[in-house]
Amino acid sequence: MPALSASNFNSSKFVLTGFPGLEGYYLWFSIPFTLIYAMVFLGNCMILHVIRTEPSLHVPMFYFLAMLALTDLCVGLSSVHTVLGVLWEFIQEISLDSCIAQSYFIHGLSFMESSVLLAMSFDRYIAICNPLRYSSILTNEKIMKIGVMILCRSTLLIPPVIIRLRFLNYCRPHVLSHSFCLHQDLIRMACSDIRFNSIYGLALVISNLLLDAVLIIISYVMILHTVLAIASREERLKSLQTCVSHICAVLVFYIPIIGLTMVHRFGKHLSPLVHVLMGNIYILFPPLMNPIIYSIKTQQIRRRVQRLFSLKGT
C-alpha cells in the first residue's frame, strides 16, 4: 500500500482497502472471490435466460424476478473491477471521478433492488388477497410503468448528493474502508461542510430503504391476515409457500445493509477487517443468494433449470 503523507491528502486519488494485515494472502483470497463473482454472473444470467425462453414464466411474478436478477447482475458489474483488482494487486488506487461514479451505481442499484422487492411484495399481496383481479390489475402495461418508476426513483434522486462529492475538499487521509466506493466513506474524509450530504443522504435512506421495508412489512401483515382466514390448512400452506422465496430475498438484502450501517455508525473502534467483511457481504451476498433461493424455492424456475441442465448433459 503506498505511503500516505500530508502532501497527497488533496490529491484526486483514493487508496482502496483490501484485507489490512493480510496482504500476503491476497492471491488465496482472490480464488473464492473470483468464484463468487462467477456464480453471481452465471446465476443471474441463468435466471434471465430461463424467464426469457420459457413462455409459461411470462407473468408478473417472474417479470419482477427478472428485474431483480438484472439489478443483481449490475451490482456485480459495478464492483468486480476494484474488488478483484485489489486482490490481484493490479489496482491500488481509484480516481475521485471513478470513485464518485462507482458510488452512484452502488447506491442507485441498492435503491433499485429495494424498489423491486417492494414491487414483488405488491405482486404477492394482489395474488393472495385479490386473486380474481390479479391479471386485470397487473397488466403488462402497468408492469412496464412500475419498471419505469423504479428506474426513475433509483437514478434521479441520487445525483444531487453524489455530484456534490466532486466539489468537497478531501483533506483527511485518502484511505477508503473498502475495495469499492461508498458515499459515507467519501464524506468521512471531507473537511468541507457536509451537512447537505448528511441530511439529504439520510432523507434518501428514509424515503427509499426504510419506507420500502415498512411497506413490505405492511403487505405481509395483510397477506397473513388473509391467509389465516382460509379454512383449509393445505390452502394456507400453499399460499404461504408462494411467498417464501420473496421473504428470503428481502432478508438477504436488508440484513447486510443493517449490519453495514451499524458498523459504520457504531463500529469505529472495530478492526478494519470487520468493515471490509461487512462491505463485501453487503455487495455480494444478495446477488449471490437470490438465484440460489429462487432456483430452490420456486417450482417453475427449478423445473426449468433442471430441464436446461439435462439438455446440456445429453
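Even glycines carry a Cβ here, placed using N, Cα and C.
Features reported for this protein in TrEMBL:
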- 43-294: domain 'G-protein coupled receptors family 1 profile' (DOMAIN)
- 25-50: transmembrane segment (TRANSMEM)
- 62-84: transmembrane segment (TRANSMEM)
- 104-122: transmembrane segment (TRANSMEM)
- 143-163: transmembrane segment (TRANSMEM)
- 199-231: transmembrane segment (TRANSMEM)
- 243-267: transmembrane segment (TRANSMEM)
- 273-294: transmembrane segment (TRANSMEM)
Take the C-beta pairs under 8 A between the transmembrane segment (25-50) and each of 62-84, 104-122, 243-267, 273-294. Which stretch has the highest count? 62-84
Using a Cβ distance cut-off of under 8 Å, indicate which of 62-84, 104-122, 243-267, 273-294 has the most pairs with the transmembrane segment (199-231). 104-122
Long-range neighbours of the transmembrane segment (243-267), counting only residues six or more past its ends (CB under 8 A): 68, 110, 113-114, 117, 120-121, 124, 128, 177, 184, 209, 213, 216, 220, 223, 274-275, 278-279, 281-282, 285-286, 289-290, 293-294, 297-298
Using a Cβ cut-off under 8 Å, which residues of the same chain at least 6 positions beyond either end of the transmembrane segment (104-122) come close to it? 61, 64-65, 67-68, 71-72, 74-75, 78-79, 146, 149-151, 153-155, 157-159, 162, 180-183, 204, 208-209, 212-213, 215-216, 219-220, 246, 249-250, 253, 257, 283, 286
Model confidence over the domain 'G-protein coupled receptors family 1 profile' (43-294) (mean pLDDT, whole number): 91
